[in-house]
Each structure stands twice: as C-alpha cells, then as structure tokens.
Amino acid sequence: MASSINGRKPSEIFQGQALLYRHIYAFIDSMCLKWIVELDIPNIIHNHGKPITVSELVSILKVPQTKAGNVQRIMRYMAHNGFFERVRIQEEQEENEAYALTAASELLVKGSELCLAPMVECVLDPTLSGSYHQLKKWIYEEDLTLFGVSLGSHFWEFLNENPEYNKSFNDAMASDSQMINLALRDCNSGFEGVESIVDVGGGIGTTAKIICDTFPNLKCIVFDRPKVVENLSGTNNLSYVGGDMFQSVPKADAVLLKWILHNWTDNDCRRILEKCKEAVSSDGEKGKVIIIEMVINENQDEHEITGTKLLMDVNMACLNGKERSEEEWKKLFIEAGFRDYKISPLTGFLSLIEVYP
C-alpha cells in the first residue's frame, strides 16, 4: 500500500509542490515579458520580416556572446508561454531553430495600431509592481489603499505629483483603449441615436477620437482631471473639459465610463453614478450611462477568462476598487436610482453595460 501524508498520495503532494513552485517563480514571467519589451524584440522580429534565429537576434542586440545561451533560454521559455512560435528554417543547407511572432507578441510591436507595450512598461515599473511587497501591511490598514501604503499618497495624487510616471500611466491607458476601440467599431448599437456624449475619465481622448471618427455627427466631451486635459486641443466635434466627477459631470445625452468604476469602492461608484444620472438626457433611449467593464460570471465564463477577471479583481482591490458580478452591478444601479440596464459582450473579458435613468 502506497504511503500517504495527511491522507494524500505522494503523487498528489508532488503535484502540489509543482503548483507551489510555479507560483513562487511566477514573477519571472512578468520580468521576462518586461525584458522582451525593453529590448524591442517584437519589433526586431517584425522588422526582420521572417522568423529570427538566436544568433541573428544576438547580433542585432549586440549582447556579449557569453550571454547568447541566456537569450536562447528566455526566448524558449517565452515561446513555451505563447509569446513566440518556434519554427525550423532552412539556411545554407542547414536547418536551424527560429522564432516568429504570435498574436500576443504582435501586440507588443511599438508603432503598430494595436500596441500594449506601454501597458507592460507602466504596470511592471517598480512604482506599481513593487507595491505588492506591501500586501501584508496593507491588509491590516483599515482605510489605506495598497498604493497609499507603498507610495505614501493616494494613487491619483501620486500621478499628479509625478509627471514622468503620469505620462507612462496615460500612455498605458491609451494603449488599452485601442484594444477596446477595436471592439467598439463593431458595436454601434450602444451609440445609436445619441447626439452628445461625455467620456468621463477619458484621459487623452483615445476612445473619444475613435467614437468621433465612427460617428462624425456625435459631439464628444472628454472629461478628466484638469492636469490630464489642460494642454489638449479639441476638434469640431471633440472637446476637453477638466473637473471632478464627484462634484459634477458635463451635460450630454449619454455618459461613457470605460474602466472607471472598477477603480472605486461601492460607495464612491454610487456617487459617480448619481452625478452621471444628473448629467444624462431624460429623453428615452437617448439618455443613458454606457459602462465598459468586466462582469464576473464564474459559472458561464471559460476558465482562462475567469482567471483573468479574478486576477484583475485582486489588482483593483489594491485601489480599494473591485471587479463585479452582474448582481453587484445591479445593486449599484438600483441604489444610484437607475430603472433598468442591459449587458452585452464586448471583448473576451469586457462587457458593454447600458444603464437607463
């Protein structure tokens, strides 16, 4: 009879060890991702025009030959994780291993329309990622956010006081907006009949510009912190307004909240939604709040999608925010005085929620 410990077979214990080690060293995944972005490897392969060998990559990077083996190790590991494809190519009667871009690494090609490299650079900067070393201290602080514990101030105050990281953050949000905009191009129903819209927390206007291009007769106001919009110039149907969404929101037929409410507590979200309700038109279907957020559904979503949503929920908890289930969204809408809502799928893990006053 096989021995057991705590009622578990050795094979089960070793599986547990493998899982434990996988997560102990999971930070290396993020650092290898940062490595390929910092070295512009996706751009190098893209510009190469075909799969690249390690020797070619080492030559372009101009790293010491003594590190060629390490480059190969990291490339092999990132290929295993889906960031590159390992292929065999024929060169001068010799077959060599080479690396090609995948759908994931194509999103890291700087200068392309859809590029998430700024998101990698912002999130994996020690300013943000280093804060997670304070999780234990944070969990015992009644009111402070994780970033409040780590940075010494509220995250939004920190951005105001640190222009360099503020730019990195805005660039990251703009890059993420491009992904959402890809989905919005095929999701016209939410904006039909709307003549004016306020993009609350709209940053530098990346999403608003796509909306204006798609609906040229729609007037769009980008509403954000004064320091974000103070030097930005509008167009005929796009304008910028600085202010505080907790005080008031500019009037329009509709209000857009894209990845805003997950930053805030339920009480803060109610306050934001109440101000948005005051701002939108009372004219039938035209007046509404359009929310782009995650909706957690552990029973229906695929395992990987659920994992992404739950990971983001932990991430947002560090701002005292959260990702929400449909029941949690519904509760917020009712408490903020809205009469109805509709949820439509938008991307793999985001939904478009229309909320009616």
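The backbone N, Cα and C atoms fix where each Cβ goes, and this holds for glycine too.
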Q | From Lys258, Lys277, the one annotated by Swiss-Prot with Val200, Gly201, Gly202, Gly203, Asp224, Arg225, Asp244, Met245 for S-adenosyl-L-methionine | A | Lys258
Q | DSSP three-state assignment for Val200 (S-adenosyl-L-methionine binding site) | A | strand
Q. Taking just the CA atoms, what is the gap between Gly202 (S-adenosyl-L-methionine binding site) and His262 (active site, proton acceptor) in Å?
A. 15
(Q) Quiz question: given the recorded positions Lys258, His262, which has the greatest number of C-beta atoms lying within 10 angstroms of its own C-beta? (A) Lys258
Q) Would you say which of the binding-site residues Gly202, Asp244 has the most Cβ atoms within 10 Å of its own Cβ? A) Gly202
Q: With an 8 Å cut-off on Cβ-Cβ distance and a minimum sequence separation of at least 6, pull the same-chain contacts of Asp224 (S-adenosyl-L-methionine binding site), or say none.
A: Val200, Gly201, Gly202, Gly203, Tyr240, Gly242
Q) Hey, what's the Cβ neighbour count for Val200 (S-adenosyl-L-methionine binding site) at 10 Å? A) 25
